[in-house]
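Worksheet: the structure to be examined is printed underneath.
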Amino acid sequence: MKLKHSLKTAYTGLEQNRARSFLTILGIVIGVAAIILVMSLGQGAQALILDQVKGMGTRTIIVGGGREPKGPSDAGQIFNDSLKKRDLDFLERRENTPSVKFVMPLIFGAAGASYQSDTYNLTIFGASPLMEKIFDMPFKTGGMFTEEDIRARAKYVIIGNKVKTQLFGADDAIGQVIKMKGYNFRVIGVLTEQGQSAFNFDEAAIIPYTTAQDYVLGIKYFNRFVIEAQSDELVNSASDEVALTLRESHNITDPAKDDFFVITQVSLANSLSSITSVLTIFLAAVAAISLIVGGIGIMNIMLVSVTERTKEIGLRKALGATYKDILTQFLLEAVMLTGMGGLVGILLGAFLSWAISAGITQFTSIAWTFSFPVSAALLGLGVSGAIGLIFGLYPARTAARKSPIDALRYE
Amino acid sequence: MPLIEVRNLTKVYVNDEIETPVLHGVSFGIERGEFVAIMGPSGSGKSTLLHVLGFLDGYTNGSYRFEDKEASTYEGDAMSHIRNKKLGFIFQSFNLLAHASVFENVKLPLFYSDIPESEWTKLVTDAIETVGLTHRTDFDVTRLSGGEKQRVAIARALVCSPEVIFADEPTGNLDSKSGGGVMQTLQDLNEKHGHTIILITHETYTAEHARRIIRIKDGLIESDTEVVARRHTTAGMLMK
């Protein structure tokens, strides 16, 4: 029997039970739709993360004190004091780090800021003027402090948009004085609202790092060095140079005993995207379970259908259908069912993830982009076809094995 | 040499190690162009004999030669192919595909044949014409009367130009008038088109439409006689 006729026969078989065929494939539709949804949202999340990491510049290298924080038990590492002024001097020496363009020390902590009777708890960043460039800070009014202000331990502050609104309302903040840890700081800049992004300075105050160390936070170390390589190609060599220089400065010979860690944006992006990949795969696997459940449903209905159509099978055999003809007919029916389920599921999943993407963009300030996971769609179609084959095989064999006499006699 | 030659044929059904002998050794021959009725009460073994002769079932002992070739040498797909090419079946309960047209039903055996698709339409149209249902070609079979349904089944049995047509109680589900029409059609096939027909029935009246009657009882041939007063349904009844 030719494939064309087999297809038509199988299709006719399904069409005669349209309502039942539809209900049967619902499990597959939902399973495939769920997989597409998870994969699409996973891709979107990954794109978002990579976008934000790239927003900080792919040439950026971050150095922190202590071990690289890998879990909750490493929370204490944030107070590690291994990065000192001496390290900064070492790193800034051109002969030590030829691939490095500049090094910015960064410290952070929490403090209350008050203006007149209002107090607001904010995050303090102690930084250098390079901060503006590295984080691409958008000034609403005013501007950044200078290298001179660093040396002079100037009590200047740049505040985020939310801090400004909380303390000053609609009034102009530039030139006003706010009080932090008993010291008066003059506001020299206000940032525009940033909303959801990787680096959110809306609730922050940025002051010279020298001022932060000596007056506000009272510490002698740095939390981070933010380093920029000369070029994208030199990121890896810059990160090696930084590590070697710090080991020299700390008298460390065994890299396993490093009391600092170096992260490049590339490695950060990689580890973040591997986390989202694992999550996506995990969720897709959960969704795939519903495909198996759907497959069992298909097998169940196919068995019912084979029993119902025993007489038809007997007739076809009496008229000359071979084992293979009957097997093919019922297998094709199963594959057609699941294939259609897969197709509908892909469309449904794509529509849902598009709707969710549109919703995220509409109702939040996250720049979410909808992406249709082509590979997941092909996978979904392939898997649903395979499920038809696997779960259709047993009913199809049952059908093909029927003896024409018994089948014709069946009432 | 006869088209069908049966020698000492026995058939024993084995079910859960319990043996039930059905045919105890029957012998006869059927030539091309014959119209034979196999008659017997229920349980006589006539259906079993039809299954064996129709390559739907095997036999236990003895010999069954079809076109001078032992039937037991055919197995599996070969049996399917010989049913498709050489044999036509007409069943008591018609066994048509519901929700399909007369044309689609008659076409069914061609799906499983090696006849080129380009010839299908002509073969189907010719077969439908032979049974006088051309005006019903595109009707859904559920809309046909019982007699018409059985004639669709006859057309389906004809479409691959078989050597033998087996008719298993073809009038069993029909009133006498439509039954007469079906028998007339079978007689026409035999007389005008030279088809070999083997009819299975338990009614003497129906059997007497054939030229020869083989009576079976308890798995043995009781008698094998020519029909002296052959019955014919009037052409007028058929044209209805």
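Quick reminder: no glycine exception, Cβ is built from N, Cα and C everywhere.
According to TrEMBL, the features are:
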type	residues	note
TRANSMEM	A:21-42	transmembrane segment
DOMAIN	A:21-242	domain 'MacB-like periplasmic core'
TRANSMEM	A:281-306	transmembrane segment
DOMAIN	A:285-404	domain 'ABC3 transporter permease C-terminal'
TRANSMEM	A:327-356	transmembrane segment
TRANSMEM	A:368-394	transmembrane segment
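Sequence-distant contacts of the transmembrane segment (A:327-356) (same chain, at least 6 residues past either end, Cβ-Cβ under 8 Å): 1, 6-7, 9-11, 13-14, 21, 24-37, 40-41, 44, 294-295, 298, 302, 305-306, 316, 370, 372, 377, 380-381, 383-385, 387-389, 391-393, 395-397, 399-400. The list of residues near the transmembrane segment (A:368-394) in space but at least 6 beyond its ends in sequence, with Cβ under 8 angstroms from a Cβ of it, reads 28, 31-32, 35-36, 39-40, 43-44, 47-48, 284, 288, 291-292, 294-296, 298-299, 302-303, 330-331, 333-339, 341-343, 345-346, 349-350, 353-354, 357-358, 360-361. Mean pLDDT across the domain 'MacB-like periplasmic core' (A:21-242) comes to 85 in this model.
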